Each structure stands twice: as C-alpha cells, then as structure tokens.
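Asks: Below: one structure in structure tokens.
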Protein chains: 2
Amino acid sequence: MDFSALMTSAGINIGLCALFLSLYSILRKQPTNVYVYFGRRIAQDHNRETECFTLDRLLPSPSWIFKAWENTESDILQCGGLDSVVFLRFLVFSIRIFSIAAIVCLFGVLPANYFGRDMLHKRIPFESLEVFTIANVIEGSRWLWVHCLALYIITFSSCVLLYHEYKSISRLRLAYIRNSPHNLSHFTVLLRSIPNSGVEMAGDTIRNFFGNYHGSSYLSHQLIYRTGKVQKLMSSAEKVYRKFVQLKLASCGLNTRQKLYRCGLCGGDKSIPFHFQRNEEDLDEKITDITTADIFQEQEGCLAAFVFFKTRYAAAIVSQLMQSPNPTLWVTDQAPEPRDVYWSNLSISYKCLWFRRVLMLIISVVFMFVFLLPVTFVQSLTQLTQMKKMFPFFRDILKMPMVTKVVTGYLPSVILLLFFYTVPPVMMLLSTVEGSISRSDRKKSACHKILYFTIWNVFFVNVLSGSLLTQLNAMTRPNDLATQLAEAVPKQATFFITYVLTGWVGLCSEIMQIFALIYTFVRRYICQLDDDPQLVPTFPYHTEIPKVLLYSLLGFTCSILAPLILPFLLVYFCLGYVVYRNQILNVYVCKYEMGGKLWPVVHNTTVFSLVLTQIIAIGVFGLKSSKFSSGFTIPLVIGTLLFNEYCRQRFYYVFTSLSVQDLIEMDREDEISGRMEYIHEELLSGYYKFFPAKDSNKSDICNVDDGATTATESNQFSSIFS
Amino acid sequence: MDFSALMTSAGINIGLCALFLSLYSILRKQPTNVYVYFGRRIAQDHNRETECFTLDRLLPSPSWIFKAWENTESDILQCGGLDSVVFLRFLVFSIRIFSIAAIVCLFGVLPANYFGRDMLHKRIPFESLEVFTIANVIEGSRWLWVHCLALYIITFSSCVLLYHEYKSISRLRLAYIRNSPHNLSHFTVLLRSIPNSGVEMAGDTIRNFFGNYHGSSYLSHQLIYRTGKVQKLMSSAEKVYRKFVQLKLASCGLNTRQKLYRCGLCGGDKSIPFHFQRNEEDLDEKITDITTADIFQEQEGCLAAFVFFKTRYAAAIVSQLMQSPNPTLWVTDQAPEPRDVYWSNLSISYKCLWFRRVLMLIISVVFMFVFLLPVTFVQSLTQLTQMKKMFPFFRDILKMPMVTKVVTGYLPSVILLLFFYTVPPVMMLLSTVEGSISRSDRKKSACHKILYFTIWNVFFVNVLSGSLLTQLNAMTRPNDLATQLAEAVPKQATFFITYVLTGWVGLCSEIMQIFALIYTFVRRYICQLDDDPQLVPTFPYHTEIPKVLLYSLLGFTCSILAPLILPFLLVYFCLGYVVYRNQILNVYVCKYEMGGKLWPVVHNTTVFSLVLTQIIAIGVFGLKSSKFSSGFTIPLVIGTLLFNEYCRQRFYYVFTSLSVQDLIEMDREDEISGRMEYIHEELLSGYYKFFPAKDSNKSDICNVDDGATTATESNQFSSIFS
C-alpha cells in the first residue's frame with residue numbers, strides 16, 4: 001500500500017463520516033425519531049424550555065457539536081453519572097497522551113524512519129507506507145536512540161497523566177459516595193447461605209442471629225424466596241392488573257398510538273392515578289421474587305435475604321467481617337442499590353456459585369480461542385468455487401467481475417463483522433450465568449470478558465496470523481512471542497491504520513443509532529406498538545470501553561514503530577469525545593451506577609499496553625541489533641510495573657471499599673440533620689421488586705406517568721431538536 | 001543400576017541409620033548433652049518426677065521410640081503447639097496415602113510394568129531397575145489402563161484424606177483460638193503510616209482519631225519509635241544493668257560454669273530476685289525499640305503504634321476495615337502476639353514496604369534460577385585436571401586411585417550439599433528484609449521461598465538436566481514441558497530412589513543434632529561459656545516442611561511410573577514420624593505460633609503434586625500412544641483443580657481471619673467471668689520489648705531463674721534420659 005492509497009482510503013472514510021453526520025443532524029430534528037436520539041431527555045428530564053418550530057429542520061447543521069461541547073462536567077455527572085465522566089475522562093486522557101506521542105513521533109521518529117537507510121526516495125504520494133515504519137531503519141543504525149527516547153517520553157507522560165487521572169477520579173468517587181446520602185445499599189447487607197436450623201423459620205433464624213451478634217445496629221430483614229406456587233399466583237395477579245390498567249387508559253382515550261400525532265394541546269390529565277409498571281429490563285428475567293417474611297414462611301425456598309442496619313458503619317462491618325467460623329455459612333456482602341439488583345441471580349444457591357464462576361471462566365477462555373474457527377469455516381464457504389457448487393443457478397451472476405469483487409473482497413469481512421456482533425450478547429449471557437447479583441457487576445464482568453476477547457482476537461490474532469495451533473504455540477512460548485511480535489507489528493501497521501479509519505465510521509454509526517432507528521421503525525409501523533420510555537437503553541460501557549481501549553493499545557504499540565497511525569487515532573479520539581458526549585447527554589439513560597469502578601480496568605489495560613509496547617520495542621531493538629536501546633528499555637518495563645503497583649496500593653482500595661472515616665461522618669451528619677429516621681423508613685420498603693424504588697429522581701423512570709408525558713411531549717421536542 | 005545394587009545401597013543406608021540411632025540412644029543419656037537433646041524440657045517443663053541413675057546409660061536402647069510413641073496428640077499440642085500437630089498430621093497423611101499407593105502400585109502397576117514387553121527376564125537381583133518402570137511397557141500396550149486406574153485410586157484417596165485433614169485441622173485451629181483467652185494480639189491492632197499533622201504529637205493524633213471514630217472501644221496505644229539518641233542511651237543502660245546482674249550472680253556463687261557439675265543438693269535459693277534477660281533471638285536484631293508515649297514525644301521518629309481495644313471484636317473491626325479514604329494512611333493490621341513481634345521491622349516505613357516486597361520477590365526468583373551457576377563453576381574446579389594444575393604439589397596424591405574416586409565421586413555432591421546449606425539462611429534473610437512484622441510470618445514466608453526453591457532445584461533441574469538456558473526454555477514452553485517431563489521422569493526414577501535413601505540418613509542426622517553437639521562442645525570447652533536455655537532452638541518448619549513436601553512430590557510423580565520408590569518412601573515417612581515426634585517432645589521449644597497456618601501450604605503443594613503427576617501421566621500415555629488413558633486422565637486434572645477450589649472456599653478463610661461469632665462469644669465469656677479487666681491491665685504492659693511478656697506459661701522461658709533451674713537439674717536429668 002502506498003501513501004496515496006492510504007489518503008484515498010482516508011478520503012472515502014471522511015466522506016462517509018460527513019454523510020453520516022449530516023444525515024444525523026437532519027434525522028435528530030425529526031419528531032418521529034425523538035425516542036431514538038433523545039431517549040434520556042424524554043425519560044429523565046422533565047423541565048425544559050419550549051422553542052418554536054423552525055424551517056432548518058431539514059438542513060444539516062453542526063449545532064449539536066456545540067451543544068455537546070458547552071455542557072460542563074457537572075452536567076455530564078448529573079446526566080450520566082460518575083461512569084460517564086470516567087469514560088469521557090479516558091477519552092480526554094487518550095487525546096492528551098496521543099497528542100504528545102504524535103508531536104514526538106511525527107517530528108522525531110518519522111524522519112528517523114524515513115531516512116533510516118540510504119535509498120532513492122520517490123515522491124511522497126508514491127512512497128510505500130513501509131518507508132515510514134521502523135522496518136525502513138537499517139540494522140545497527142545509530143538513530144535507534146531516537147525511538148528509545150520517544151518511548152521514554154511517551155511512557156513518562158502516560159504515567160504522569162495516569163497518576164493524575166487516578167487521583168482525580170478517586171476524589172470524584174469519594175465525593176460521589178459522600179453526596180449520595182440516600183443510597184440504601186450502604187445500609188443493607190445481602191445475606192446468603194442461611195443455615196437451615198430445621199426447627200426455626202428462616203426469618204427467625206436471621207432475627208436471632210443478628211439480634212444476638214449485632215443487636216444494637218440490626219434494624220430488619222427481608223427474605224428472598226425461590227419461585228413457589230404463591231409466587232406464580234402473584235405474578236398472574238400482576239399481569240391481570242396490568243391489563244386492567246391498560247384497558248382503563250385506553251378507555252380514557254390515552255392509548256399510546258395517538259400520542260405522536262397529537263399537537264400537545266389536548267394532553268391528558270396530570271392527575272391520572274399512579275399505576276404500577278415493572279421495569280422492562282425485569283421482564284426477561286425468570287420469575288423470582290421477593291416478599292416479606294410475613295407473607296410466606298417457607299424455610300426451603302429461602303436462599304438469601306437483605307438485612308438492614310441502623311447505620312452505614314454497622315452494615316460495612318457486617319459485610320466485611322466473616323460471620324461464622326464456617327466461611328460458607330452466613331455469607332455477607334454489601335447489597336447493590338435497589339434499582340441495580342439483578343433479582344433472578346439472588347436465587348442461585350451460594351454453594352454452586354464458585355462452580356458457576358469457574359465454569360464460565362473456562363467457557364469464556366474456550367470461546368476466545370475457538371471463536372475464529374467457525375468464522376474461517378463460513379468464510380471458506382464463500383469462496384467462489386464453493387459458491388458456484390452450492391448455488392448452481394447463480395453461476396452466471398457470480399461470473400460478473402463486479403460481483404466477484406464483492407464476494408471475494410467484502411463478504412469475508414461482513415461475515416467476520418456479523419460474528420463479532422454476537423460477542424457482547426454471548427459475554428453478557430456468560431456473566432449472567434456466572435451469578436452476578438447486580439446489573440452493574442454483570443456489565444463490569446462482561447466488559448472484562450469482551451476486553452480480553454477484543455485484544456486477543458483483533459490485535460494478537462492479526463499479528464500472529466496463522467492457525468489456532470500456531471497462535472496457541474506462540475502463547476505457550478512467551479520467549480519467542482516478543483520476537484514474533486517485533487517482526488509482525490510493523491508489518492501489520494498498515495492494516496491497523498485502516499482499522500482506525502473504520503473506527504471513524506463506527507463512531508458515526510454509533511451516533512446514527514442505525515439499529516435503534518430500524519427497530520423503532522419496525523416496532524411502530526409494522527408491529528403497531530407504541531414508543532416506550534422504558535426501552536431507552538443504558539450506556540453500553542461493556543462494548544465501548546473495550547473498543548476504545550483497543551484503539552489506545554494500537555496507538556501505543558504502533559507509536560514508535562509506525563507513527564503515521566497517530567494523527568488518524570487523534571481524529572478518532574476527538575470525534576469519539578464529541579460523539580459520546582452527545583450520546584450521554586441525549587440518548588442513554590443512567591439506570592444504575594458502577595461508581596467509577598471502570599477506571600481501574602482502564603488504568604490496568606493502559607499499563608498493559610505500555611508494557612506490551614516496551615516489550616515489542618525490546619524485540620525490535622534486538623532485531624535491529626541495537627543493544628544500547630534494548631538495554632535501556634528494560635528498566636522502563638520494570639519502572640512501569642512498579643508504577644502500576646504503586647497506583648494499586650495508593651488508589652485501588654478506594655474503588656473496592658468505603659472507609660470508616662467516611663461512613664461514620666455520613667452517619668453523624670444524617671443523625672444530626674434528622675434524616676436518619678426517614679432513611680430507616682425508606683429501607684423497609686426500598687428493596688421490593690414489585691414496587692418501584694422511591695429513593696432517587698432517576699428511578700422515577702419506573703413510575704413515569706405515560707399520560708402526563710404525552711401531554712407535554714410535542715412542546716418538549718422542539719426545544720431539543722435544534 | 002540393577003536391583004541388587006539398589007539393595008546394596010539400601011543396606012548401606014540402613015546400616016548407617018542403625019549406627020546413628022544407636023549412637024543417639026547412647027548420647028542422649030549423657031548428662032553433658034542434656035541441652036542438645038532435651039532443650040525443650042529444660043526450658044519449658046519444670047515439674048518432672050525424678051529417677052535414679054542406672055548403668056544402661058552406656059547401652060543403646062530403643063526406649064526413646066516408645067516414649068515418643070506413647071504421647072497423645074494433646075501432649076504434642078501442649079509441647080509444640082498447633083503447628084507441630086499440623087506437621088505430624090502431614091506425616092500421618094503421607095503414611096496413609098503412600099500405603100494405599102504402595103498396595104495399588106506394587107500389586108497392580110509393578111507387574112504391568114515388569115511384564116510390559118515380551119522379553120526374557122533375568123533373575124530379579126540381576127534385573128535392571130528400568131524393567132520395573134513404565135519405560136518397560138511397549139507402545140500402545142493394552143495394560144496402560146492399569147496405570148490410569150491406579151492414578152484414579154491415588155487421586156481419589158488423596159482428595160478424601162486431604163479433605164478430612166483440612167476439616168479436622170480447621171476444627172483444631174478454631175479450638176486453638178477459642179482456648180487462648182489471654183492472647184493479647186486479639187485485642188491489639190498494629191497501626192502504621194500515622195499522618196504527620198505538623199502541630200500535634202503522634203500520640204495525640206492517634207488518641208484523637210481513635211477517640212473520635214472508635215471512642216467506645218478504644219483503650220490505649222503505645223508508640224513505636226525509630227532508633228534515636230535516647231534509644232541508644234537506654235540500650236547502653238540496659239547493657240550496664242545486665243553486667244551488674246551477672247556480677248551479682250557470680251558473687252553469689254551461682255555462675256553457670258558450676259551448674260553441670262553439682263550434685264543437686266547444694267542448689268541456689270529460689271528467692272533470688274527476678275532479673276531481666278532479653279530473649280536471645282532479639283540480640284541479633286538492630287537496636288530499635290519501643291517506649292511509651294509518655295517518655296519520648298518525638299513526632300518524626302514515630303512510625304507505628306500498637307493500639308489496644310476493649311474487646312476482640314472491636315480490634316477485629318479496626319484491623320479489617322479501611323480507616324481513611326486514603327488507603328495509605330492509618331493502615332491497620334492485626335498485631336502479632338507480643339512474643340512473636342519482630343521488632344526491628346516495625347520501624348520500616350509503610351510506604352516502602354510494597355517496594356521491598358517486590359524487590360525481594362525478584363531477588364528470590366533470580367536466586368532460584370541462578371543458584372546452580374556458582375555450584376557448577378566450583379564443581380568444575382574440582383575436576384582432576386584442574387586440581388592438578390592448581391595444586392601441583394598434590395599431583396602424586398591425586399594419582400592414587402582411591403583419592404581419584406573420592407575427588408570425582410564425592411567432592412561434587414559435597415559442594416552441592418554445602419551450597420544447599422546456604423539456602424535457608426539466605427531465604428530467611430530475604431524474608432526479614434521483606435518486612436515481616438512477626439517471627440511467624442517471617443518463617444512462613446521463608447518456608448514458601450525454600451519450598452519453591454527445593455522443588456525447582458531438586459525436582460525440575462534433575463529432570464530437565466541441562467544448562468540454565470535449556471531449563472528456562474523449558475519453563476517458557478509449558479506445552480513441551482509435559483512431554484519433556486514424561487520422557488525424563490521415568491529415566492530419573494533410579495536417582496530419586498537413591499535420593500529417598502539419603503533422606504533416611506538425613507532424618508538420623510536430624511535426631512543426632514550433629515551441629516548442635518559440635519556447637520555445644522565448642523561453646524563449653526573451647527569458649528568456656530555456659531549452656532544457655534535461651535539458645536534452645538525453635539522447630540525449623542521453614543526447612544523441614546519443604547523437605548517432606550519434596551519427598552511427597554517425588555512419591556506422587558514416581559508412583560505409577562516407577563512404583564519401586566514407594567516402600568522406601570514409606571520407611572522414610574514412618575521414621576520421620578518417630579524422629580520428629582521425639583524432637584518436638586524433647587528438643588525444640590515453641591516460642592511463637594503460626595496457629596496451623598502452614599496447613600494451607602501443605603494442602604496446596606500436595607494438590608500441585610497431584611496435578612503434576614497427572615500431567616506427566618498424560619504425557620507418558622501420549623508417548624505410549626494410549627489415547628484412551630490419556631483422555632481419561634484429563635477429567636482427573638480438572639476434578640482435582642475443582643476440589644482444590646472447593647477446599648479453598650470451604651476452609652481457607654478459617655486460617656486467615658476470625659469470625660464475628662467466635663470473637664463476640666469469647667468477649668462475652670471474659671466479661672461474665674470478670675477476666676476482661678485483668679486482660680486490659682495486661683494489655684498495657686504486654687507489648688514492651690524490654691520486659692518479658694507474662695501472658696503464657698511458655699513465655700516463662702524469658703524470665704527463667706537460672707539458679708533455681710540449676711538446683712533441681714541433676715534430679716531432672718535422670719528422669720528424661722531413660
């Protein structure tokens with residue numbers, strides 16, 4: 001591939017992006033797409049100023065970029081929670097570090113590569129891209145110290161930036177905890193593996209135990225049962241009730257088909273009585289529910305309980321200390337927030353939890369390694385000769401040169417792409433079966449799995465291209481791996497640059513929300529169903545964070561080997577920053593929070609990328625027989641690992657547990673302000689699956705009044721389109 | 001090597017053992033050796049019945065074996081603590097499992113090996129040992145299922161026995177905790193990284209912090225200072241005081257030279273005033289001491305503090321919860337027992353602790369891998385031609401065939417042995433520098449290091465014999481490792497059998513205490529120093545546990561490959577059981593306890609041995625092209641790993657933390673019995689380095705009254721010799 005071809009490819013991608021973004025800026029102004037592009041606003045914000053209808057609804061405009069830009073971090077924090085701030089901070093970190101890397105590498109390393117050997121250079125557009133990589137530097141060149149110095153600069157700046165981000169995000173997390181006085185999970189302990197005494201009821205057993213050992217702080221408890229007959233009766237009753245409410249709404253003329261076509265003047269009455277609606281995400285769960293101990297007293301079915309305490313400090317003590325001399329009895333954990341609880345997993349017996357975890361780990365690893373086998377099999381089916389055999393009637397069409405090009409050139413990548421789309425649901429499923437007790441844990445676990453999967457199947461498999469066995473062999477020979485990577489990465493640099501270019505288009509399709517557009521269209525016009533604020537998605541951190549981390553890995557590893565990648569990567573991160581900011585502000589709703597717990601994942605992966613870069617650099621310097629640079633890079637690896645260990649010691653525990661100082665001070669503040677009694681009352685009703693939580697304004701989405709929303713709908717739209 | 005040669009070797013070793021044991025049974029009856037062979041009894045037990053002098057003091061007798069045998073487990077528990085029980089249990093476990101393995105393998109696997117190929121067998125004494133190993137089985141033999149079945153039986157019995165031992169030792173540990181009501185460490189928290197407020201004294205800072213957040217349970221604290229000028233003054237004063245006491249004793253006619261020659265009728269007065277004596281183990285430490293906050297109020301020097309609480313529960317809460325939002329401030333840990341504290345390490349700043357740990361880890365790994373380099377270098381110097389060059393004047397002597405044999409045959413192994421003797425002190429030093437805060441932690445850490453070292457340098461290096469690079473290559477290619485091991489282990493089986501035979505002699509030299517005998521002789525007759533009860537050693541778990549674990553590893557890995565090793569190994573374990581029982585009862589003193597924390601190490605290593613055996617078996621079955629057996633072994637590996645994970649879930653936490661239930665119940669018992677106030681008083685004086693602890697009868701060794709002991713000495717001797 002020569003330079004001009006790369007530029008052509010970049011041009012095509014820029015064109016596609018411009019097209020997509022223009023399309024987006026028009027589509028977002030259409031009222032029919034409001035649930036696609038402003039889902040969060042519809043679901044969460046209720047007070048917005050109205051604005052008149054203008055004609056430039058049909059003209060593309062970049063106003064959304066400014067809108068996304070002008071919001072402050074505190075706006076983001078309010079809209080998307082701490083996790084979205086962490087995500088955007090990661091993008092800012094990437095922009096910063098790759099700006100530094102771009103300056104250093106384009107002005108230092110690139111000339112060193114270009115003039116790396118005595119040769120007659122063509123004019124730049126006709127130059128092969130390999131001339132810009134380290135492959136062009138001759139063996140034993142004296143200029144390799146430039147690469148080593150660049151590596152030092154990149155590593156040092158990364159470490160400084162990472163340290164400051166970790167510090168600042170730790171502070172944000174502490175502030176987040178201090179500013180969530182109504183977080184019921186701080187007062188609640190999830191109790192599992194309750195011993196079966198044989199004579200006592202589970203409720204009495206719990207009451208006796210906690211009354212005996214934590215008498216002064218124990219408040220109450222709430223049993224969680226496995227599905228029983230009564231449960232099934234309850235859920236049938238619920239269904240009947242829901243149908244009744246729907247009928248009632250329909251008879252009032254408030255059926256939702258009409259919503260979108262009304263002008264906003266004939267809105268429904270705001271005083272329509274509150275009606276119960278289950279969170280839609282719960283519907284796909286198996287029916288496993290909780291009830292109070294007073295309703296069902298069946299010992300066998302009781303697998304877990306929420307135990308409530310008078311203070312946060314007491315709950316922290318109970319959740320962190322081993323309760324019984326038998327570590328598999330009276331197992332306590334901090335409970336997730338009510339809206340974050342993953343109810344169906346609470347019914348998993350604690351005893352088989354470890355087995356599930358081990359099994360899912362094995363399955364994920366196997367999935368990671370054998371994923372490409374079916375892909376290559378299906379790809380082999382799409383070879384022309386195979387196709388001709390299987391579809392004899394298409395033989396003539398397949399002979400056309402254009403079709404041949406499409407089939408051989410694009411079909412394999414389309415198949416790969418389609419298979420890749422199956423990864424997030426599969427990993428999410430594995431994380432569910434693993435037994436995560438909260439939605440956020442499940443997402444974090446899936447994020448980890450997808451991260452390893454992506455790095456292995458995009459980076460390593462491309463670099464160590466070959467059969468599964470060759471890859472496994474490379475894995476089991478870490479000694480040779482460094483040399484193999486050093487040989488392969490510069491060769492694959494061109495591919496990685498084009499991969500970054502497809503990343504641009506990926507961002508544009510993210511902002512376009514093509515799937516959501518199609519889904520809404522099908523739902524509305526084919527299934528004749530109403531738009532539902534409950535269907536507004538949460539931010540897919542588990543797919544987006546691995547994606548951005550992969551680009552960052554590509555950036556680090558290619559930086560000194562093929563610095564041409566850096567400007568393209570910078571464009572990716574800048575575009576990503578605007579796009580994701582916009583999405584967080586407008587599209588995705590924040591139903592539950594991870595409290596910034598994703599930052600350690602980001603930090604560790606970035607350190608991994610740095611160390612991998614350094615190891616590849618050592619390999620490359622070895623191949624170029626530059627002992628000087630090779631030797632100087634080794635202390636860098638050790639230094640980076642020590643830095644990581646220091647950060648772990650200094651910050652990691654902030655993300656795993658709450659400090660006594662904070663807990664006691666929050667308790668005292670609540671006691672002085674008299675809020676404590678109110679919280680205690682809330683606790684007793686907070687963890688009911690059937691009834692929506694009342695604790696935060698975000699959970700209002702559960703009992704949003706459809707009629708009322710409809711009434712002011714058309715007024716709201718105009719304000720957010722512009 | 002043929003069978004008769006093995007029997008000859010066994011005969012020689014049996015002869016040596018018989019000689020050593022007879023010598024021991026005579027030497028132990030001599031009064032001059034009482035400090036060598038009955039150190040623990042002299043130091044700890046004070047009430048023993050007297051017995052008359054008999055003439056059979058000069059005749060060897062096996063009575064000590066019966067004496068060692070007749071003691072019950074509770075006697076052992078009283079003499080050597082829980083750790084010695086754990087150690088003996090491990091020996092019993094080994095005897096049990098290798099009895100099963102011996103029965104299965106000698107009657108099942110051995111015939112299958114012997115008749116493994118069609119060949120003319122010689123008479124058994126002239127048969128090569130290889131005929132008894134799996135190497136004699138032809139490829140694709142149908143009899144390999146016997147080996148697979150044997151492996152299944154061994155694995156299953158091991159798992160069942162391991163589970164029961166883990167369960168029973170967990171129970172013992174819980175009982176040990178419940179039966180140590182005076183354990184001051186349960187009430188104490190070691191506080192490190194105290195923030196420097198700049199205005200307040202360290203003592204005030206601590207008092208304010210704990211008064212504020214743990215006001216109801218905080219009792220007091222005690223600062224630990226870095227060595228300062230005042231400290232030096234104190235230690236000088238101490239030296240002067242000790243000299244004064246010695247002079248005083250000498251002037252009373254109680255100087256210890258006379259002790260051993262007195263008849264016991266002219267004993268000293270029991271009412272000689274108490275005099276302070278430092279624990280001898282402390283003498284080799286740098287002078288770093290503690291004082292109360294009232295004496296020295298220097299903020300800079302204060303690096304740590306012991307904080308005392310009113311109840312065990314409160315102390316557990318403080319030690320397990322994160323105190324400050326900054327995890328590197330107010331770092332709390334459960335304090336070690338007073339007699340277990342490793343004072344000089346308390347002065348290490350918490351901030352550089354993690355760095356020390358990482359550094360020591362790197363050094364231990366490097367030491368493990370490069371250990372054999374100097375050994376082979378020195379061994380190369382002892383080659384005949386080298387020797388002749390270096391010592392031309394010995395040329396004639398070196399030409400003698402007997403000398404040649406000794407130089408070429410024994411010198412290399414003597415050099416290896418001498419180098420091996422340096423390992424425990426080096427590892428102990430590394431564990432000290434690492435920063436362990438207690439002696440028991442230091443020993444446990446050294447035990448881990450020596451374990452890895454031994455397994456690598458004895459098992460793997462012998463099997464993968466070759467240069468360091470070949471070994472490293474083998475390590476970095478786990479794929480090939482299995483095949484390499486499968487090829488090499490049966491070949492090395494003969495060596496391992498002879499290694500087990502040297503183990504017998506090792507046990508005999510352990511019971512003989514040759515070093516201690518020589519040391520006491522030199523000390524008494526050359527240095528003219530007195531025997532000192534303070535010099536009685538503690539049990540060297542850190543060297544003995546890795547040794548026994550290595551033999552157990554050899555037993556497992558060779559069991560189905562070369563079953564001839566098993567009878568020899570059984571003899572080793574039985575002899576070891578009697579010898580170590582005797583040593584625990586008579587020789588070693590129990591100055592501090594690990595509370596059975598070594599069992600998880602033993603358990604994990606045994607599981608590792610099992611898995612390694614299975615992996616080698618898969619390799620061997622692969623080489624013998626028996627897909628059936630190979631395939632059937634894979635689920636065994638997975639099953640064993642799952643079993644290990646289950647045991648970890650079920651039992652491991654019992655060894656790392658105390659349960660709320662136990663803590664609260666112990667507190668309540670003490671409060672009801674009124675013992676609590678007494679404990680609180682003791683706490684305030686318990687953690688003084690200068691003054692001996694008073695909490696247990698075992699620590700009496702610190703303030704043992706030399707004169708009083710001398711008085712009844714000769715009476716006691718006669719009773720324990722027989």
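Just so it is clear, glycine is given a Cβ too, placed from its N, Cα and C backbone atoms.
TrEMBL labels come from automatic prediction, so no person has curated them.
Per TrEMBL, domain 'CSC1/OSCA1-like N-terminal transmembrane' is recorded for A:5-165. Sequence annotations record features per position, and here TrEMBL assigns domain 'CSC1/OSCA1-like cytosolic' to A:186-345. Annotation source TrEMBL lists domain 'CSC1/OSCA1-like 7TM region' at A:356-621. Residues or ranges marked as transmembrane segment in TrEMBL: A:6-27, A:86-110, A:143-163, A:358-381, A:410-430, A:450-474, A:494-519, A:548-580, A:600-623.
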Asks: Taking all residues of the domain 'CSC1/OSCA1-like 7TM region' (A:356-621) together, what is their mean pLDDT?
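Replies: Here the mean pLDDT over the domain 'CSC1/OSCA1-like 7TM region' (A:356-621) amounts to 85.
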Asks: The transmembrane segment (A:600-623): which same-chain residues, six or more beyond its ends, come within Cβ distance under 8 Å?
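Replies: Tertiary neighbours of the transmembrane segment (A:600-623) are 86, 90, 134, 139, 144, 147-148, 151, 154-155, 158, 162, 165-166, 444, 447-448, 451, 455, 482-483, 485-487, 489-490, 545, 549, 552-553, 556-557, 559-561, 629-630, 633-634, 636-637, 640-641, 643-644, 647, 651-652, 655.
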Asks: Mark yes when the transmembrane segment (A:358-381) and the transmembrane segment (A:143-163) have three or more Cβ pairs under 8 Å (sequence separation 6 or more) and no when they do not.
Replies: no
Asks: What else in the chain is close to the transmembrane segment (A:410-430), if you only count residues 6 or more beyond its ends and a Cβ gap under 8 Å?
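Replies: Cβ under 8 Å, 6 or more out: 360, 363-364, 367, 371, 374-375, 378-379, 382, 442-443, 446, 449-450, 453, 540, 542-543.
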Asks: Residues of the same chain, at least six outside the transmembrane segment (A:494-519), with any C-beta under 8 angstroms of its C-beta?
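Replies: For the transmembrane segment (A:494-519), the list is 1, 6, 9-10, 13-14, 16-17, 20-21, 23-24, 27, 33, 36-37, 129-130, 458, 462, 537, 547, 551, 554, 558, 562, 564-565, 568-569, 571-572, 575-576, 579-580, 582-583, 587.
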Asks: Residue list, the transmembrane segment (A:6-27) vs rest of chain: Cβ under 8 Å, 6 or more residues beyond ends.
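Replies: Counting only partners 6 or more residues beyond its ends, the transmembrane segment (A:6-27) has Cβ contacts under 8 Å with 33, 37, 57-64, 125, 129, 494, 497-498, 501-502, 504-505, 507-509, 511-512, 517, 564, 568, 575.
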Asks: Restricting to the same chain and to residues at least six past its boundaries, which positions have a Cβ under 8 Å from a Cβ of the transmembrane segment (A:358-381)?
Replies: 387, 390, 411-412, 415-416, 419, 423, 426-427, 430-431, 433-434, 449, 452-453, 456-457, 461, 468, 471-472
